[in-house]
Amino acid sequence: MDLMSFKEKEISKKDCLELFEDTENFFDVIKLADSIRKDIVGDTVTYVVNANINFTNVCSGTCKFCAFKAEHGDPNAFFLNPDEVAKKALEARKIGATEVCIQGGLLKEIDTYFQAEILKKVKKITEPYEEIVVHAFSPMEVKSAAENAGLSVNEALKILKENGLNSMPGTAAEILNDEIRSEICPTKLKTSEWIDVVTNAHKTGIKTTCTMMYGHIEENKHLAEHLSILRKIQKETGGFTEFVPLTFLHENAPLHHMERVKSGASGMLDLKTYAISRIFFKDYIKNIQTSWVKLGTKLSQVSLNCGANDIGGTLMEESISKAAGGSYGTFMSEEKLKDMILAVGRIPKQRNTAYEIIE
């Protein structure tokens, strides 16, 4: 394998698969990814001061990797109304958050108009403190809410944008292969539907992130296929702001009890995934975010030398990873994030959702 030729050229899906299959050149792959990272984004590592607001844990979904879901009537079930969501957003804004990430569940009572009401309330209550960016509703949530409202996805996206939606999390992607999806999230939107929602969001002027959850039942060919789909979308729309690899947290997830399921990814696969993503995307998707919530502080720091250039956010509240067995906390102060970055010899810079540096 001529790794050095991969530095300049756009590698194919076949090349990508070969990198995942390769067991002999791990450190050379890491070194190449770090070199590409330095060429494209330099030594700056960005972070965002943000808050996660999960407005309900009640959901009709059947995702087998989710340990966060509750049923109606469960003692731990909760459902925040739009005013309660707005109050949480205001609290976050008052202590410096520039972004709130708002997500909920799949329920008949959650339609596009309910989502729009959340957006309006958040925008109104935070207006006196300078506008906060609302990064909200996964592609699955948008599709489900549109159906509940009797709207097309396009109609729903326009309503959400008009009411203050600034950007969307590109979650619900998991692995973009319908055979895998039929096993791990059988009632979630299909690959083509996920693509339809995000491409239409981009065309509506709503940027999104993109993600990939790995370390469960997928094979290397599925990882290469997934990255290839994301790059194709980015070439067409340019609407992805970042790529976030999400390592599967298995401890409390129902999926963990299925045969064939791995006990999460190895540390080697975690780092390899960051590296191969950087080599594959190059500057099509310039920003690759590491997740301290899922990897922990030390492995996140190592990933910054494997192609990643963003360390995510302060979060302030993050319930989903914690429910799945994540043990690295749900909040990290801005000072600690900066210390993490400085400790590996890189330059910390606060950014906004659009990756513009906040001086």
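Along the chain as shown, residues are numbered 1 onward.
Heads up, the Cβ atoms here are built off N, Cα and C, so glycines get one too.
Now, the feature entries from Swiss-Prot:
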- 45-282: domain 'Radical SAM core' (DOMAIN)
- Cys59, Cys63, Cys66: [4Fe-4S] cluster binding site (BINDING)
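The 10 Å shell around the Cβ of Cys63 ([4Fe-4S] cluster binding site) contains 22 further Cβ atoms across the protein chains shown. For the domain 'Radical SAM core' (45-282), the model's pLDDT averages out at 93.
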